[in-house]
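Worksheet: one structure, shown below.
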Amino acid sequence: MAEAEGVPTTPGPASGSTFRGRRDVSGSWERDQQVEAAQRALVEVLGPYEPLLSRVQAALVWERPARSALWCLGLNAAFWFFALTSLRLVFLLAFGLMIIVCIDQWKNKIWPEIKVPRPDALDNESWGFVHPRLLSVPELCHHVAEVWVSGTIFIRNVLLFKKQNPGKFCLLSCGILTFLAVLGRYVPGLLLSYLMLVTVMMWPLAVYHRLWDRAYVRLKPALQRLDFSVRGYMMSKQRERQLRRRALHPERAMDNHSDSEEELAAFCPQLDDSTVARELAITDSEHSDAEVSCTDNGTFNLSRGQTPLTEGSEDLDGHSDPEESFARDLPDFPSINMDPAGLDDEDDTSIGMPSLMYRSPPGAEEPQAPPASRDEAALPELLLGALPVGSNLTSNLASLVSQGMIQLALSGASQPGPSGAPAQRATRGFLRSPSSDLDTDAEGDDFELLDQSELSQLDPASSRSH
């Protein structure tokens, strides 16, 4: 609506950032176009001189040390000749340009007309000079074009800066020119020219062989030691200042020292030497005072140097034989062998729960009572007999009651009728001792206690068999 009425609108921050991004993209695209144009122009000019440029690069990077040394000596001789000669500069410049023009005419105009062409010249026209580590003409022209475009952009920015800020440009240019004037006043121009020549000659060599990286790797330990030495020097200076302040103000230093000692004493409690020696003298088989007090309070204690996970470490160390250690730990595993009294019950759902200890004394006769009433009457005695001595009644009562009820229910469900012998076998099967769970195949001489009625039933069968 505002645009339709002709009211100018100010762009927001989002639109401003978008505009700057578009301007940066357009500027980079224009720069790439300029670089490509300059590269094409340089390739057209330097294309015929590719072998010569390759030889110059090989000489600058010292691929062939003999030729490179000759080139270096020739350049040094030419430089010092022009520097120390009594001839005029204009004469030398004109004479040098005349020699260059003659060589160019001979190589490009006269020699191609009088030389005999080779038979494979047409085949070699499509091939170019390739070196694995030297720059080809297109690559060299690309780098030169980037430098040229960067220089032109810099000059353009300087001219724009001069137009927008003439005062700042005047101060900046005067400062730079003053520095160059002082440098030229104290350093001869001949030496500066020679340094520039040596830099141009040695720079490709340093880049080609990565001398800067190698020098940094060699100097890195020394620089690190220098850094540490500087830090140590600063720390020593700080300590000297502190000592000087303490010497000038001893009362303040004593107050600070006492305060620091009190603070450290608060964090470091004092220990009695006799108590420490007595605690250190306690062996693994003895008990300390703290352990005895814990025992008096009714809680369990652990000997020094033992934990619930490492309480049996001495026993494990004593049994190095794997078979012996396996046989020793075998009673801890539940047995898979069923009691002979419980073989007739196929649905044994005890699921490996610890069975209750119940053994009738030898010679005692069991009263002929119904199985259910006899089991119910024996339940309290079983629970009290199976209760471990010295254990906590409250913690074990729930588990014992639940186990007894499950066993009674299973024994009641497994008996089919009023017959007493199968019910007694089932009850004894479910109320067997833990020692019966440890029977193996080798221990096949198991026995069970039978009533007098059972013995009378078995006697006629044995007499008939005999």
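Including glycine, each Cβ sits where the backbone N, Cα and C put it.
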Swiss-Prot annotation, phosphoserine - which of Ser15, Ser28, Ser260: Ser260
Thr310, Thr349 - residue that Swiss-Prot labels as phosphothreonine: Thr310
So, in Swiss-Prot, are His143 and Leu248 both on one side of the membrane? yes
Looking at 109-129, 277-297, 382-402, 403-423, which stretch does Swiss-Prot describe as transmembrane segment? 382-402
